[in-house]
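**Q** Quick one: the structure is below, questions incoming.
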Amino acid sequence: MSRLSVSIPGLELKNPIMPASGCFGFGDEYAKYYDLSKLGAIMVKATTADMRYGNPTPRVAETPSGMLNAIGLQNPGLETVMANQLPSLEKYDVPIIANVAGSTVDDYKRVCERIGDAPNVKAIELNISCPNVKDGGIAFGTSAQVAAELTAAAKSVANVPVYIKLSPNVTSIVPIAKAVEEAGADGITMINTLVGMRIDLKTRKSVLANGTGGLSGPGIKPVAIRMIHEVSHAVDIPIIGMGGVSTVDDVIEMYLAGASAVAVGTMNFTDPYICPKLIDELPSKMDELGIESIEQLIREVKEARQ
Amino acid sequence: MKQEMMEIVNQVELAPRIFEMTLRGDLTQEMVTPGQFIHIRVPREDLLLRRPISLAEVNHGDKTCKIIYRVEGDGTKVFSECQIGDKLDCLGPLGNGFDIEMVEKDDVVYVIGGGIGVPPLYELGRRLKEKGATIYFLNGFASKDVMYYEEEFSALGQLHIATDDGSYGVKGHVGMLIDKVKPVTGEPKAIFACGAPGLLRAVETTFIDHPHVYLSMEERMACGVGACYACVCQSKKDPKVNKKVCDEGPIFKAGDVII
C-alpha cells in the first residue's frame, strides 16, 4: 500500500483521483494528452440500454466559476459501448467505473447486468440524478423509496459493486443516502450537478436549448462539501466526493468532509492535465498538513466524528 | 496536440472590437492544417471555459501564429486587454482542418467567408496559393467599418467583397458574389467556406452536387477535445448520429451534417 492508495468496494485505487463521469468522454479523448494508467480510476460517460441522441444545442453555458450543461446523456448505447468504447481502455492499468443511466428500471437492469463484463470495469455508478433528461434520471434520485428500489434492482443483476450517484436537487439528501445504503448500495458518489438556468439578455430566452442545465465547477464546491459532510455522518458506506474540485486543497477538503476518493469534473475541460497534476501535487500537500497516508486521513476523519 | 503558455508578441485592433493577436511558441510547429483552432484559457479565474479561436496565419520560421477574434463577451474582452509579453495557456491545434489535397496548380477555387468567419480562410488562402491555385475570395461583412484584411487577401488572389449595408463592394450577401464570379470562372475545383449558418447553407445549396465543398462549422464548446459532447451537430445521412464539431469537425464536407 502506498500513501496515496485507497481500497473501497471493487476498487483498489493507486491514488484517490479520478475524472468524473461526463467530463472525460469514454477515456480515449484524454489518452492523447497523458497515460491514463496514472489515474486512480476513470468514471466513463453514462451508458444507456439504447443509444441516446441527447439534447439540442447550445448544450453549455458559462457561469461565474462554473458552467451549465444539458448534454442529455448522449451515448451510442450499451452494445456499442461494450464493443467499441470500453475495450480500448483495456490497455491501461486503471479500474473503470461505468456510469449507468436509464429511463425505466428494466433499462437500468439491462445495462447493469452486462456492463461489468467489459474489461477493467470494476464498479458501476448508478446515475439516478441526471438533471437533463425528462424520462428518468433525476426522477429516480429525488425519492428515497424509488432510489432504494432501483438500487436493489441494480444490485440483483450487477456482477460488480454498485455506487449510487446522488442528486443535490432535493430538500434533504440524507434520507435518500440512507435508503440506498439499506437497499444494498456498495458506495455513494456525490454530488451530481445542481439544476440551473441562464437567460440571454438580447433574446430574452434561455441560453441553453434545453432551458435548464446542470451547474458544475468550483462554484458548487461548498454545496458538495456540505452534502458529503451530512451524508458521511449518516451512512457507513464509502463516498466518492465530487463537485468543483480544482486544487489539492479541494481534494483534502473533500476528505475532511467524509469522502474516501475524489472525482474531478468540469476542471478537465479547463485544464486537460488537471487529474495528473493533482496526483503529482498531493504528496507535498499531505507533507505540509502532516498527513501520513490517505487511508490514515480517512480513519482520522471517521474517528473524529465518533 | 499539446498545451503551451504562448507569448503574445503583438496585438492590433483591426476594426472596432476585432483584434489580431500574434502568439509565439513551439506549439506552432504542430499547426500544419489550415482550418484548425486553438483552445485558449481566459486568464481570469472565474471564467472556466476555454475559447476556441481559429488560426488565421501560421509561420513556422519564427514560431508565430495569428488569431483574429471579435470581442463578444467577458472572455474575448479579457483577451483584448492582454499586453505584449503576456502569456496565454493554449491547447491545440485542435480539429480536423480543410482538406486541400485535391487542389492542383491553376485550379480555380472559391474561398468564401463572412464576418468573423473570415480569419481561418487567410491561412487556407496562403496554402492554396503555395499550390499555385487561382483563388477567388468572396468575403461578406456587415459594413465597411468592420471589414479587415483587404490587402492581405488581395495579395493571394482575387478578392470580392459584399457588405450588408452597401458601404463597400456589392450591397448584399456573398451569394451575390458567387452569382457575379461563377459566369466568369466556370465551375470551381473546390469551394471552402466559413461563416454564419445562413452563409454555409447558401454555399451548400448553390453547389449542391459539387464533390468538393468544405464548410467550417461553429458550435458552443466546453472541452474542445471530444470529451464533453457539447458542440454536436446532426448528421444529414443518419439523423440518429451526432457529430462533434471540435473533434470530427470543425470542417465538414457539404451534405455531411445539417447546418
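Keep in mind that glycine also has a Cβ here, set from the backbone N, Cα and C atoms.
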**Q** Of the candidates A:ASN127, A:ASN132, which does TrEMBL annotate as part of the FMN site that also includes A:SER21, A:LYS45, A:ALA46, A:ASN99, A:LYS165, A:ILE191, A:GLY217, A:GLY243, A:GLY244, A:GLY265, A:THR266?
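**A** Checking A:ASN127, A:ASN132 against TrEMBL: the FMN site match is A:ASN127.
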**Q** Need one number: mean pLDDT over the domain 'Dihydroorotate dehydrogenase catalytic' (A:4-286).
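**A** Averaged over the domain 'Dihydroorotate dehydrogenase catalytic' (A:4-286), per-residue pLDDT gives 96.
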**Q** Around the C-beta of A:LYS45 (substrate binding site), how many further C-beta atoms are within 10 angstroms, looking at every protein chain?
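**A** Neighbour count, Cβ to Cβ under the 10 Å cut-off: 25.
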**Q** Using a Cβ-Cβ cut-off under 8 angstroms and a sequence gap of six or more, which residues of the chain neighbour A:ALA70 (substrate binding site)?
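**A** Those within reach of A:ALA70 (substrate binding site), by Cβ under 8 Å and sequence separation of 6 or more, are A:ASN55, A:ARG59, A:VAL60, A:ASN132, A:LEU208, A:ALA209, A:ASN210, A:GLY211, A:THR212, A:GLY213, A:GLY214.
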**Q** Quick check for you: of the binding-site residues A:LYS45, A:GLY72, A:THR193, which have their Cα within 10 Å of the Cα of A:SER21 (FMN binding site)?
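**A** Within 10 Å Cα-Cα: A:LYS45.
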**Q** Hey, of A:LYS45, A:GLY72, A:CYS130, which of those recorded positions are within 10 Å of A:GLY265 (FMN binding site), Cα to Cα?
**A** none
